[in-house]
Amino acid sequence: MLEFIVITHLLFVMIQLLFGVLANGVIVVVTGTELTRPRKMAPLHLLLCCLAVSRICLQMFIFYNSLVVLSLIEFFSLAETYTVFMFFSELSLWLATWLSVFYCAKIATFAHPLFFWLKLRISRLVPWLIVGSLLYTSLTAVFHRKHTWILSQKLWLSLFSQNATTQGNEMSTLHFAILVVEFLLPLFIFLLSALLLIFSLGRHAQQMTSMAAVSGHTGTSVYSSTLLSMLSFLVLYVSQYVMAALIFSQIFKNKNFTFLFCFLVLGLYLSGHSIILIFASPKLKQNAKKLFFHSKCCQ
């Protein structure tokens, strides 16, 4: 029974990695091509390209961790490896958060001076937000390298090795609290922007439905698809926090079905949301089809 669960999990992990790399690869190729054209830089393309690159790197790390969990490869307890893992994990969270803020500022409508200021300047702020996120995650990764490794060593070895013991200093409560705040801050900003956008889209969809009932014309499909896309983004984004909390709480045994399921859901966000981005954007969807048919013709 255990072997069946392990083989099934490995199969899903490989499919997940394949779809994740393909989906994020398509986004990188399409947005990267747009950015190289001699015209004014599109901030959304730059943000999507950086997000897709960070997700590909993070997907590789999660695939490696899954192989370690299944005892298919040996676990190498290198501090540098998990410092890089923490860097890409936090960077991916911040870039996804800024994507939500960008959508909220561009699409939502609220009669507030601060929101109006953000709507006018969000396009110019995107490059600075990306650079700021890179610098911030780099500095925190270096600053917390020792303490992050103490935490990672205790958690990862307890998860991946039945008889592993850790040595060294205990992580202070202060540094643990700082790490928690660092990961909860992007979640707070994301929830605020996502919920504001969902509320605004829901209000517009309701108004369009009322107008359609009077005039007989239907025009709610765009609002509905955008609303569903944002709701999916919200569910996937929050689910990775929930799954990560369940994994690191160590309430499930190693190779337990629920434990492996949490790992699958954790990786599902990276590939699932990228696929949603492609289908939700007509430009990305069209270029993805072109790439697919081009590769098919080359074969």
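Residue numbers in this text run from 1 along the chain shown.
Backbone N, Cα and C define each Cβ position, glycine as well.
Copied from TrEMBL, the annotated features are:
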TRANSMEM  6-32  transmembrane segment
TRANSMEM  93-118  transmembrane segment
TRANSMEM  125-144  transmembrane segment
TRANSMEM  176-201  transmembrane segment
TRANSMEM  222-251  transmembrane segment
TRANSMEM  257-280  transmembrane segment
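Beyond the transmembrane segment (257-280), the same-chain residues lying 6 or more positions past its ends with a Cβ under 8 Å from any Cβ of the stretch are 5-6, 9, 12-13, 16-17, 19-20, 23-24, 26-27, 48, 52, 55, 58-59, 62-63, 65-66, 69, 92, 96, 225-226, 229, 232-233, 236-237, 239-240, 243-244, 246-247, 288. Long-range contacts of the transmembrane segment (176-201) within the same chain, counting only residues at least 6 positions beyond its ends with a Cβ under 8 Å from a Cβ of the stretch, are 90, 93-94, 96-97, 100-101, 103-105, 107-110, 140, 144, 147-148, 151, 223, 226-227, 230-231, 233-234, 237-238, 241. Taking residue pairs at least 6 apart in sequence, the transmembrane segment (222-251) and the transmembrane segment (125-144) share fewer than three C-beta contacts under 8 angstroms.
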